[in-house]
Amino acid sequence: MTKFGFLRLSYEKQDTLLKLLILSMAAVLSFSTRLFAVLRFESVIHEFDPYFNYRTTRFLAEEGFYKFHNWFDDRAWYPLGRIIGGTIYPGLMITSAAIYHVLHFFHITIDIRNVCVFLAPLFSSFTTIVTYHLTKELKDAGAGLLAAAMIAVVPGYISRSVAGSYDNEGIAIFCMLLTYYMWIKAVKTGSICWAAKCALAYFYMVSSWGGYVFLINLIPLHVLVLMLTGRFSHRIYVAYCTVYCLGTILSMQISFVGFQPVLSSEHMAAFGVFGLCQIHAFVDYLRSKLNPQQFEVLFRSVISLVGFVLLTVGALLMLTGKISPWTGRFYSLLDPSYAKNNIPIIASVSEHQPTTWSSYYFDLQLLVFMFPVGLYYCFSNLSDARIFIIMYGVTSMYFSAVMVRLMLVLAPVMCILSGIGVSQVLSTYMKNLDISRPDKKSKKQQDSTYPIKNEVASGMILVMAFFLITYTFHSTWVTSEAYSSPSIVLSARGGDGSRIIFDDFREAYYWLRHNTPEDAKVMSWWDYGYQITAMANRTILVDNNTWNNTHISRVGQAMASTEEKAYEIMRELDVSYVLVIFGGLTGYSSDDINKFLWMVRIGGSTDTGKHIKENDYYTPTGEFRVDREGSPVLLNCLMYKMCYYRFGQVYTEAKRPPGFDRVRNAEIGNKDFELDVLEEAYTTEHWLVRIYKVKDLDNRGLSRT
């Protein structure tokens, strides 16, 4: 044996080693491509919701699970407060705390914040591995490797899993695909073991994200379609009954879920299909014992009776309130106009808006075109598993169109079906590729019916390689430029191309933390509640949980009212400071003026705010303007005055008058005014955050001080 004889592996071992190497590279790529934000800025938590998750995780790591589960947070929703343990999905926090304690057990010292920052990239690597195994079950290892490489860099998934994006979706997509993989294994084998593993994966999913409802409706739908197509078998019966029974019992252990799996409308489809499975099994048993004529009579009688009983019982339970109706968010998925017409608090969230056509190309690129190819392959070679992935693809496509947030659910199946499609195209043309030299081929060896077969195959393979390369470059660019900027720290390009950093948010929160009393109550719009509580450690009135529409409406009424009426509301709520976000100086478009109409709509959606009419804030021609042509109601409301106080003296651009708003591209209409019930406490360097102190009540005969 030569010195390098150990490298002489069998074909099977070389194949396994190559697969392992490619999959490992995809997992490493998945982790590393999500680190742009850390390299460009620092290890920092992004967005809004992740700050609440970080705060609760830190409490869990320091105080333990018992105190965490029974934690009453008096810093949120003043004066109501919030019970934390029973109002969250704890999977994310428990996962981070477990990793933190395991690392410390091995004397690897790491701050809990860094665990939170890097958790989503870590789980994206796990997602890559699960995607490989799932796609392999649907076609082969080649398709699995392609799908794994695609999901490693797909922008639709990266948008919620970059370093610092510490949200439920960071681990939920892994849980979802793991549940699907276990389900397909259970369906293929009919094994109770695989079905039990599927139920455990489903339990992890339930503990992590409210999107578990999609799973518990998709799996029963799959079973129902298998029944209708005559594919139902003992394997499906064992798999579904085990998953449903065990999964339902486990899911009910999550406090936030409780008895919903047996009481809410969202879970009734799963229960109904479970009942159908029992009826189907009973019918099969009767068919084996009766002759065809007897069976036909009995079957029709039983089906009619059972259907009538189920409809009657279901209607009675719905009417008596024993089965709760669908929630607003789920109604919005079935009727996209529902939230806009009935629940403005849901419609006001940007991620609940319908998806634009451009978003599909931006977040998926090549996958948009290869998805139908994979779908066609699955339809052409139907199996129980491929029927499931077809249903997953079609349903997630619809839901992603209704709500842009659900692009996250669509991205994995786009990668899976595109991986299958690309693999099938490459396999087809690879067979036609002849790598032998043309001058050595005899005329007999050449196919007279297809003389340019080799050239066509080579061209198609080169075209596919080109598209895959452009997909990689596009995904990397989108990740770097669009999805790697933490909202807590903003950046822009200067005239010379240099990067300018705006750190006003943290500047304002630290000012609040060090310059206000510990018991100070801060009023702001609900978007910033989690950040204020986590970074400023001050009590807030409303936050991103949005569980009490009446309380949020009261804040909206204060923002939309005149100073005098707003002062009454602020005294009622015991407000000490008011915080607003203003982008007129820097050009930051996601400020409170641009969100103001949602405050008006939500403020006027309750009985106490019936006097607030959205039309009052428009001009007679129906425009929302902040200049002299703007509505007098708008120009004199509290939000307008807090944002534009002293702004009329500021020059924002050359050759523009003072008080020129760079977001609205207009000179403000109300410049010369003073505040009666508030006093300016702090304005950040770039005027992005403005904080006002609420004046005390008048002394008799004296003005407010």
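Every residue gets a Cβ built from N, Cα and C, even glycine.
Topology check against Swiss-Prot: Ala163 and Ser208 fall in the same compartment relative to the membrane.
Swiss-Prot annotates Asp167, Glu169 as Mn(2+)-binding residues; of Asp15, Asp49, Asp363, Asp384, the candidate listed for that same site is Asp49. According to DSSP, the secondary structure content of the topological domain 'Cytoplasmic' (288-300) in residues is 11 helix, 0 strand, 2 coil. The recorded sites in question are Asp49, Glu351, and the one with the fewest Cβ neighbours inside 10 Å is Glu351.
The stretch from 120-138, 141-158, 192-206, 301-321 with the most CB pairs below 8 A to the transmembrane segment (268-287) is 301-321. Across the structure, Asp49 (site 'Interacts with target acceptor peptide in protein substrate') and Asn548 (N-linked glycosylation site) are spaced 17 Å apart at their Cα atoms. In three-state terms derived from DSSP, Glu351 (site 'Interacts with target acceptor peptide in protein substrate') belongs to a helical segment. Among the stretches 18-38, 120-138, 212-228, 301-321, the one making the largest number of Cβ pairs under 8 Å with the transmembrane segment (234-259) is 212-228.
In this structure the C-alpha atoms belonging to Asn544 (N-linked glycosylation site) and Glu351 (site 'Interacts with target acceptor peptide in protein substrate') are separated by 13 Å. Summarised by DSSP class, the composition of the topological domain 'Cytoplasmic' (229-233) is 0 helix, 0 strand, 5 coil.
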